[in-house]
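What Swiss-Prot says about this one:
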- 10-17, 57-61, 120-123: GTP 1 binding site (BINDING)
- 184-191, 231-235, 296-299: GTP 2 binding site (BINDING)
- 4-169: domain 'EngA-type G 1' (DOMAIN)
- 178-353: domain 'EngA-type G 2' (DOMAIN)
- 354-439: domain 'KH-like' (DOMAIN)
Amino acid sequence: MARPIVAIIGRPNVGKSTLVNRLCRSREAIVDDKPGVTRDRTYQDGFWGDREFKVVDTGGLVFDDDSEFLPEIREQANLALAEASVALVIVDGQQGVTAADESIAEWLRTQPCPTLVAVNKCESPDQGLAMAAEFWRLGLGEPFPISAIHGAGTGDLLDRVLSLLPPKHEEPEEDEPIQMAIIGRPNVGKSSLLNAICGEPRAIVSPIRGTTRDTIDTRLEREGHPWRLIDTAGIRRRRSVNYGPEFFGINRSFKAIERSDVCVLVIDALDGVTEQDQRLAGRIEDDGRACVLVVNKWDAVEKDSHTMPMVEKELRAKLYFLDWATMLFTSALTGQRVESIFALASLAVEQHRRRVSTSVVNEVLKEALSWRSPPTSRGGRQGRLYYGTQVASRPPSFTLFVNDPKLFGDTYRRYVERQLREGLGFDGTPLKLFWRGKQQRAAERELARQQNRLG
């Protein structure tokens with residue numbers, strides 16, 4: 001059974017994201033003094049006592065302004081409310097009741113979802129009750145004075161929330177979801193892909209660059225296995241970003257890469273690979289994440305039977321360090337090949353977690369040596385590769401034991417990695433190779449002996 005959902009509703013800059021961070025004991029929601037920082041609806045795990053629930057944070061609601069993407073924000077709030085068990089409408093106790101609060105309350109009174117009023121910014125316990133009393137006029141029941149920053153009053157509020165949630169049932173323990181981060185430059189179609197995958201508008205889609213500021217987690221199931229999809233803010237050159245909510249969104253995007261199992265790097269088919277795309281690809285490789293390259297907006301490209309292989313060759317030439325990643329040409333607009341993303345991502349994760357026996361590794365290395373011997377130095381010393389073994393997964397990592405790592409240049413090291421890939425597979429995941437020489441092995445053995453004596 002899915003966890004019940006608590007929707008956070010309110011006008012801009014009343015402290016919704018601060019309250020979400022308080023309820024979920026995290027700093028996932030972006031907090032900034034500028035109104036309207038949260039645009040999409042974002043989900044986090046919350047708990048109180050022995051109950052667990054989902055908290056959905058929505059964009060600031062405005063009913064009398066249709067500029068930019070405010071209509072889409074209102075639609076996101078509608079969708080959040082439709083799936084919620086309880087709605088928390090957040091108001092500003094220091095400002096008192098505003099016309100916007102009254103408009104939101106009028107709308108909420110038409111909804112079937114039970115609603116509670118949380119009067120935020122009531123830092124003073126004595127004044128808080130007086131400030132909250134004004135909000136009885138909204139017609140939504142008893143207002144709860146709280147301070148989202150300090151936590152005052154949130155316990156009473158949560159007790160009331162739990163009383164409105166559906167009865168608790170024994171739930172089987174869920175499988176750990178596969179974490180998939182959807183990353184890319186602004187306006188390459190990340191949110192459109194997320195919406196196409198989910199079959200509903202989970203993220204605001206707009207031609208305005210940088211529409212998504214939060215990382216948006218979406219849970220869904222494919223072939224009996226849970227997934228968590230993370231749509232990130234578009235990542236730009238650092239010098240082009242001000243130190244505001246967009247800057248924090250970009251930092252959140254890099255953290256999303258770190259906590260992901262697989263990254264979907266979205267490339268704009270019309271723009272091709274940019275320098276920023278290359279930097280993102282480098283970040284994925286440095287962090288050792290599995291990857292699928294998605295070339296979006298393929299429907300907008302004039303093409304014939306030769307176009308796809310030609311474009312793939314051009315793109316791979318600029319993303320040569322991700323030559324192990326599968327490339328997929330999609331259109332979020334038409335849905336073309338969107339479902340294939342899951343199959344490729346699942347395969348990449350499987351390879352990312354895979355382990356191979358030492359005997360199989362050495363069979364591949366033996367064949368590689370028979371085709372091409374290690375190089376010889378100017379002094380006449382030839383490199384010797386004795387054996388190898390896999391020492392880790394996520395990503396697959398191998399230690400190769402040699403006479404002297406300095407005798408193995410980059411060209412031969414790349415050759416060995418290619419042979420391991422050809423012999424063992426590992427499509428969609430980076431490999432890490434560690435080259436260890438005799439002196440290093442001897443030092444490690446001596447250290448182990450000393451530790452055994454001390455033990």
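Cβ coordinates come from backbone N, Cα and C, glycine included.
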(request) Tally every other Cβ atom lying within 10 Å of the Cβ atom of Lys16 (GTP 1 binding site). (result) 28
(request) Given the binding-site residues Gly184, Asn187, Lys190, state which is nearest to Thr58 (GTP 1 binding site) when distance is taken between Cα atoms. (result) Lys190
(message) I'd like to know the mean pLDDT over the domain 'EngA-type G 1' (4-169).
(response) 79
(request) For the domain 'KH-like' (354-439), jot down how many residues DSSP puts in helix, in strand and in coil. (result) 34 helix, 21 strand, 31 coil
(request) May I ask you to report the DSSP-based helix, strand or coil state of Gly10 (GTP 1 binding site)? (result) strand
(message) Please report the Cα separation of Gly184 (GTP 2 binding site) and Lys16 (GTP 1 binding site) in Å, rounded to an integer.
(response) 28
(request) Could you tell me which of these binding-site residues, Asn13, Gly184, has the greatest number of Cβ atoms within 10 Å of its own Cβ? (result) Gly184
(request) Please name the residue among the binding-site residues Thr58, Asn187 whose C-beta has the most neighbouring C-beta atoms within 10 angstroms. (result) Thr58
(request) Can you grab the distance from Asn13 (GTP 1 binding site) over to Asn187 (GTP 2 binding site)? Cα atoms, rounded to a whole Å. (result) 26
